[in-house]
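S.K.: Sending over a structure as structure tokens; questions will come in a sec.
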Amino acid sequence: MTDSTVSRQENSPKKPNDSNGEFKRLLVPETSDPEEDDERRESPPENQILNVEEERDRTYDTVPPFSWAKLWKFTGPGFLMSIAFLDPGNIEGDLQAGVVAGYSLLWLLLWATLMGLLMQLLSARIGVATGRHLAEICRNEYPSWARILLWFMAEVALIGADIQEVIGSAIALQILTRGFLPIWVGVIITSFDCFLISYLEKCGMRKVEGLFAVLIATMALSFAWMFNETKPSVEELFIGIIVPKLGSKTIREAVGVVGCVITPHNVFLHSALVQSRKTNPKESNRVQEALNYYTIESTAALFFSFMINLFVTAVFAKGFYGTKQADSIGLVNAGHYLQEKYGGGVFPILYIWGIGLLAAGQSSTITGTYAGQFIMEGFLDLQMEQWLSAFITRSFAIVPTMIVALMFNTSEGSLDVLNEWLNILQSMQIPFAVIPLLTMVSKEHIMGVFKIGPSLEKLAWTVAVFVMMINGYLLLDFFMAAVEGFFVGFLVFAGIVGYISFIIYLVSYRSSQSSSWSSLEMSQRVVSTET
């Protein structure tokens, strides 16, 4: 047995979680007495982990019966996760789909949401069944160089998403102040959300989830109000959802709809958020109970996100599909076009749009900060104060965002081009979140009895390959149009070769580990039989 095999056995889900990440240290206070430490691990502070277990005198050999009260206790992580489906990048993808394709891509939005739901359920599954989040497991499973490279890719994706989110919030603040606040000032204001997180975490996880409930409700009310004001065709809307249509002129927007749904940092985030509920990985009936409730909660959360995305697409399909303005509408000027088209009403639609966009941007920047903490601490095994971790994570995104805001402050067209580049950047990182997720969730030595079966594994890999092919098409189309000159072309080619090589390594590593663990299990069975 190799050293790496022994190392992975030591990090089996049967072993206690040895992560030193700040999130875990918040949940489990440190103590110098090992026995006292073990006792405290069984009873972490209630303001950080919600105790969702029944009374100790009530035990079940099977999964406990369904309870609405229990479902309410599990409700929270899925809605925080769903924010990634509603960030400003998704909002721009929605409006572009509406103005270019009308209602015809709503069916694709629905199926893309279902594909995203599958990946998020697998992320929750690995978090509940192991008691560790995906970044921690990757740190233990992959060699050091691959782990560092995966961390770098996750940070790049997070920075790209965060720039879009912060810029979206800054645009919303500029709209709501009638142009008084320039974008760079909005970036500074938005950057202080890391301190809001620090304060809310001290008040308890439910306070954080309450804030997100308010932000999601704000988005839903704002975009539903816009939907009601513009009165899109309900008949065409239902036809768009039910009947698949894809024209040659809408392929780019279709690719954008699919590419925006699976967000790399969100795959890491959800596996950590589910640990805010106390579930013992050693009790299979409790794990299955938690997975059942998280499935219901995540499905409901993504249904809400689908409806909000649908509202945005339908509003712009109704107002601008087939018009001369369709080619010039972007996130920066969308509110002004809406105002010119629909005017004031009870409340000017420009400000309704601004409120919804601010809620989308602000909520997604907060979840981005959370994801950054888990990714950095999980991959690098760092120990630091929570506020310092949030500040460092925030700085990774705020510094480049400030540069972007100052460079593109006066150019709407440049900001839209930048947004396209950022979408490409995030799309490129999808394999480096999805492949590790599907690799780990199918391993018995990691998941135990909760590893996914062959049918679900095939379905998940089919979805993953489809999404990666879609994004590959987007990358190819984008670079063929944007790359000029031999030297730049050579650099891009070299980068693509390295990119594909790492993907091949991750897939082959999965296969080699499957073979080695199958051999190990067979040898253990032989030894057990002889004994």
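Glycine too: its Cβ is placed from the backbone N, Cα and C atoms.
According to TrEMBL, the compositional bias 'Polar residues' annotation covers 1-10. The region 'Disordered' annotation in TrEMBL covers 1-48. Among the features that TrEMBL reports, compositional bias 'Basic and acidic residues' is placed at 11-27. The transmembrane segment annotation in TrEMBL covers 105-128, 148-173, 179-199, 211-228, 294-317, 350-375, 387-409, 421-438, 459-480, 486-507.
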S.K.: Are there residues at least 6 beyond the ends of the transmembrane segment (294-317) whose Cβ is under 8 Å from a Cβ of it, and what are they?
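M.R.: The answer is 71, 74-79, 81-82, 85-86, 90-91, 94-95, 97-99, 101-103, 105-106, 109-110, 113, 116-117, 120-121, 124, 128, 216, 219-220, 223-224, 226-227, 230, 232, 237, 241, 270, 274, 329, 334, 338.
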S.K.: When you look at the transmembrane segment (421-438) alongside the transmembrane segment (350-375), do they share 3+ Cβ pairs under 8 Å, ignoring any pair fewer than 6 residues apart in sequence?
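M.R.: Taking Cβ pairs at least 6 residues apart, the transmembrane segment (421-438) and the transmembrane segment (350-375) are not in contact, as fewer than 3 fall under 8 Å.
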S.K.: Could you name the stretch, out of 105-128, 211-228, 421-438, 459-480, 486-507, with the greatest number of CB pairs under 8 A to the transmembrane segment (148-173)?
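M.R.: Answer, by Cβ pair count: 421-438.
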S.K.: How about long-range neighbours of the transmembrane segment (105-128): same chain, 6 or more residues beyond its ends, C-beta under 8 Å?
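M.R.: Sequence-remote neighbours of the transmembrane segment (105-128) are 77-78, 81, 85, 94, 97, 134, 137, 237, 240-246, 250, 253-254, 257-258, 260-262, 266-275, 279, 281, 287, 290-291, 294-295, 298-299, 302, 305-306, 309-310, 313-314, 434, 437-438, 440-441, 446-447, 450, 452, 459-460, 463-464, 466-467.
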S.K.: Would you mind listing the long-range same-chain contacts of the transmembrane segment (211-228), meaning Cβ under 8 Å and 6+ residues beyond its ends?
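M.R.: The answer is 79-80, 82-83, 86, 200, 304, 307-308, 311-312, 314-315, 338, 347, 349, 352-353, 355-356, 359-360, 362-363, 366-367.
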